[in-house]
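Input: a single structure, listed below in structure tokens.
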Amino acid sequence: MQTIEVLKQSLSSLDPTQQQQLLVAGSSVAVLLTCYYWVYQGTKTKRIPIGDGWWGAGEKPQSEDEKVFPFQVQTSDEEIQDLYDRIDRTRYTEPLEDTGFQYGFNSTYLKKVVSHWRHQFNWKKQIAILNKYPQFKTNIEGLDVHFIHVRPPHREGQRVLPLMLVHGWPGSVYEFYRILPLLTNSLDSLAFEVICPSIPGYGFSEAPHKQGFDTLAAARVFHKLMERLGFSDYYLQGGDWGAIITTNMAQMKPECVKGLHLNMLTNNMRGFGVLFSILIGRYLPWLVGFTREDVRRLFGSVGFMEKNIYEIIRETGYLHIQGTKPDSAGCGVNDSPVGLAAYILEKFSTWTDFNNRDLEDGGLERKFTLDDLLTNIMIYWTTGSIVSSMRFYKENLKTNIDNRLDNHTGVYVPTGLAAFPNEVRHVPQSWARDRFRNIYSYSYMPRGGHFAAFEEPQLLADDLLQFVKKVEKL
């Protein structure tokens with residue numbers, strides 16, 4: 001922060017001639033950085049190895065059963081009664097005064113959510129909604145992988161393209177239930193045949209029995225799923241872990257990926273180019289490829305460090321727990337439905353909009369209904385998958401992530417990036433180019449946060465459609 005203030009004072013103290021000289025010098029630096037960028041990037045690997053794996057219990061058999069079989073979500077009166085009994089035994093802690101969601105999920109509002117869950121929420125009705133789309137399972141690398149497969153109705157002259165949607169944590173395939181009809185039942189010239197898999201260890205997909213199942217393993221499993229379903233090339237879309245998994249899929253088999261669309265962007269924050277753009281970008285945005293919107297989202301009124309460092313530290317305690325000792329923390333939330341709801345729903349509050357932390361109800365019902373939120377919770381609760389979903393963090397963070405090959409490999413397939421304003425961190429297009437070398441579209445979305453498909457399905461569907469039309473040259 002002191003460096004930025006000194007730079008700001010220094011710039012304002014220069015006379016016009018000196019400022020002009022500085023601009024010329026800065027432009028020269030920008031040209032040199034650009035030349036370095038293209039030379040350096042040309043030396044990077046263009047794909048990552050596919051590899052193989054076995055995550056089932058025991059030894060790998062000599063042959064795998066590749067059958068695809070139908071699946072439906074089911075429940076029982078005993079399962080529902082057990083839920084009610086546990087809810088009725090909940091012990092609450094009174095919140096501090098005037099804290100909103102700053103300390104986590106406010107227990108005053110939590111009691112309202114739990115009352116709705118216990119007395120109004122109808123799990124059997126929600127199961128009927130879950131089962132309205134065809135669901136299947138198939139065994140890949142020793143795991144029964146669950147997926148939804150929705151084909152569009154036949155319309156004369158309409159092109160149909162295969163698309164995989166991949167969720168993240170603490171979400172599930174249910175996040176896509178509002179966007180599915182927009183993609184599959186469109187009157188546009190283009191529609192999608194959509195496949196939505198549950199990440200192994202999440203919801204209805206079997207959890208890995210062995211250590212090491214990371215995003216690279218998930219990417220390979222999902223490629224095998226698409227191959228098993230008869231697709232040789234397809235589009236991918238993802239957010240959160242889904243963004244990383246689909247990116248890995250594009251790096252692993254680029255010949256199969258017609259296009260990659262992401263609503264969560266990641267980039268390497270190291271290097272002189274990024275540092276230079278952070279120092280200069282607020283004052284000379286054009287020099288480092290920033291737009292005014294980039295400046296607003298990156299710096300805001302509080303500055304870069306507060307918005308992108310301190311805020312992230314405050315909101316990633318869960319990541320450190322899940323990336324180190326997931327089973328310890330998971331024990332409690334796997335045993336208590338109310339604890340599970342508080343742990344997960346706090347993320348749906350904060351990651352939708354950081355300003356929700358100041359509200360006693362966390363702003364949850366501004367974008368979601370309690371029934372929708374509780375349906376996602378029930379998927380974790382009835383499958384007992386919260387611990388295995390948390391382990392996914394440890395598997396991806398247990399070694400130095402900078403040494404992973406995918407972090408040193410570019411993405412060369414056509415890429416569309418949708419930057420939602422309330423996403424946890426903003427990545428300008430100039431930064432995204434370091435990894436994504438073939439950006440067809442970069443959209444500043446007008447509203448929405450981390451759970452784009454769940455919050456703003458129409459916006460995400462429209463952006464995805466315009467990206468695919470560019471790739472297909474329609």
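Just so it is clear, glycine is given a Cβ too, placed from its N, Cα and C backbone atoms.
Note that TrEMBL annotation is computational and uncurated.
What you are looking at is a predicted structure, and each value in this text was computed from that prediction instead of being measured.
According to TrEMBL, the transmembrane segment annotation covers 20-39.
In the shown protein chains, 22 other C-beta atoms lie within 10 A of the C-beta of Asp240 (active site, nucleophile). Among the features that TrEMBL reports, active site, nucleophile is placed at Asp240.
Per TrEMBL, active site, proton donor is recorded for Tyr393. Cβ neighbour count for Tyr393 (active site, proton donor) (all protein chains, 10 Å cutoff from its Cβ): 20.
Of all Cβ atoms in the shown protein chains, 23 besides its own fall within 10 Å of the Cβ of His450 (active site, proton acceptor). Positions annotated as active site, proton acceptor by TrEMBL: His450.
Cα spacing between Tyr393 (active site, proton donor) and His450 (active site, proton acceptor): 18 Å, rounded to the nearest whole number.
Each residue contributes its Cα atom, and for His450 (active site, proton acceptor) and Asp240 (active site, nucleophile) those atoms are 8 Å apart.
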